[in-house]
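Among the features that TrEMBL reports, transmembrane segment is placed at 21-44, 50-72, 79-102, 122-146, 153-176, 182-200.
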C-alpha cells in the first residue's frame, strides 16, 4: 500500500498543518538569509548596512520563527521543557534579528551608524536578543539530536552554522558568512523536508489495548 504522499512524494498526507508550514519555512528561511548576506556585501556597505539586505533579512527571520516553532514542537513529546526553552530562546533571538534588519535599512537610507554602535539602548535592544539567535540554534540542534529527530551529523551541521553566524557578522567576514549561510541552507533544508515528509517524528511502537478473552 502506498504511503499516501502528495506532490511526487514531497508532502506526506499524514503531516499536520504546522509541520507543512514549518517545513516550507525551514526550506526558505536560510535561502533568504543567504540572499540578505549577498545583498549586504554587493548592494550595501557590508553586513548591517543595506536596505535590500535588511528587507531580505526581515523575512528570513520571520520564516526562521515559524521553522523553530515547528521543529521544537516535533521534539516536544520526548523533551517538553527543553523544547519550550528552545522555542522561547529562538523567538527572542529572531526578534533581535528583525531589529538588526530594520537598523540596516535605516543605516543605508539615512547614512546613520547602527543603533548598537551609538547607545546603550541600542546594545540592549539589538545585541542582547540578537546573540540569543545563534545560541538557540545550537540548542535546537542539541534538542533534535537528543530526541533523535535528526541524525547527529545533521545536528552538528546546524550547530556549526550557528557558531559561525556571530563570528562572521561581528567580524564582517564575507567568506565565513557565506559558509554559515550555506550550512544553514543544507541543515535547515533537510530538516524542513523531514517535516514535510513526516519523518521528523521518531517512530514509536504502536500501543494496542489488550482484548479480553
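Cβ from N, Cα, C; glycine included.
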Taking a Cβ cut-off under 8 Å, which residues six or more beyond the ends of the transmembrane segment (182-200) line up next to it in the same chain? 5, 9-12, 14-15, 19-20, 22-27, 29-31, 33-34, 67, 70-71, 74, 141, 144, 149-150, 154, 157-158, 160-161, 164-165
Would you call the transmembrane segment (122-146) and the transmembrane segment (21-44) in contact, using three or more Cβ pairs under 8 Å, pairs 6 or more apart in sequence? no
For the transmembrane segment (79-102), give me same-chain residues lying six or more residues beyond its boundaries with a C-beta closer than 8 angstroms to one of its C-beta atoms, as numbers and ranges. 36, 48, 53-55, 57-58, 60-62, 64-65, 68-69, 72-73, 114, 125-137, 139-140, 143, 146-147
